[in-house]
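The GTP binding site feature in Swiss-Prot is assigned to 171-178, 254-258, 318-321. Feature annotation from Swiss-Prot assigns transit peptide to 1-40; the stated evidence is sequence analysis.
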Amino acid sequence: MATSSAHLSFLAGRISPFSSERIGLFPLRGEFRPRMTRFRCSAGPSGFFTRLGRLIKEKAKSDVEKVFSGFSKTRENLAVIDELLLFWNLAETDRVLDELEEALLVSDFGPKITVRIVERLREDIMSGKLKSGSEIKDALKESVLEMLAKKNSKTELQLGFRKPAVIMIVGVNGGGKTTSLGKLAHRLKNEGTKVLMAAGDTFRAAASDQLEIWAERTGCEIVVAEGDKAKAATVLSKAVKRGKEEGYDVVLCDTSGRLHTNYSLMEELIACKKAVGKIVSGAPNEILLVLDGNTGLNMLPQAREFNEVVGITGLILTKLDGSARGGCVVSVVEELGIPVKFIGVGEAVEDLQPFDPEAFVNAIFS
């Protein structure tokens, strides 16, 4: 599979100079042999930059393949589009677009988004702008990509310049919230970030134990509740204070899973948000809502409610590798205007991937 330069440049920016030794790029002694020529200085085939470039390419290819594999079920649903467009002709436009519309609906693009996409294609076909099946396919992909890559929609984490940056992880029960936090910690740690975890889920008895396992697994420090009746806001406040005093880069704050209809628990999130903001001005930098990809369009009411209460800055969509409803990604971004930051495309610790709109579109419309 070809790996785009965008993927390579993105990944190059994600490799921290502090993590080079950990990923096997050092020591350099005896290996880095620059060759001077009249025009340039280049590294030998076994040198640092050669190995760094190879590592970046391999990592980029691996990440793209994971995303491609993760959306296999959605891609199967949408494969009918290729069949429809293979022998497309103008006389069959209405039939083809009706079946294309059905394929998008089955994949949970939602009625509003689906109608908008199909009617735009119809208009371009009838005006003569689109004259072949391949042109229609390209226009379909471009239309979806435009919805995902809106202006001012930042898919990267916005961590600001004050340390520590604070990231709150919120969501309903069973969405993969604590697991996503652990995987995010693993990713940040491997990039050379000093990470502190905060076990703010004081409602579920096993939550703290689960996060402690993730802390041990990722090599991160953790702050847990003192006593059975500790308040979540107190735990998070204590963690952010420690993060500030001990020079941590990021504090990842777990919170109790809650139904979006439970007002008292939603109020607790407001208290948590205020508590961390008192320690570090502008915190939390990110409030990430974890949503189960298997719920499809049913995630929209959850996202709306959480957003109204605490102001969601980004989404983590989990369990998409087992879902045929990948179109919900487009719906939630387009209807709520909240960017997807990460997607879960597998059970492995490395399978929480930064969301790349172009890679996503290529994965569902192969």
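Glycine residues also receive a Cβ, built from the backbone N, Cα and C atoms like all the rest.
The sparsest Cβ neighbourhood within 10 Å, among the listed binding-site residues (GLY171, THR255), is found at GLY171.
Its Cβ placed at the centre, LYS177 (GTP binding site) has 26 other Cβ atoms within 10 Å. Packing around LEU320 (GTP binding site) is summarised by its Cβ count: 28 other Cβ atoms lie within 10 angstroms of its Cβ, all protein chains included.
Less than 8 angstroms from the CB of GLY174 (GTP binding site) sit GLY257, ASP292, each of them six or more residues away in the same chain.
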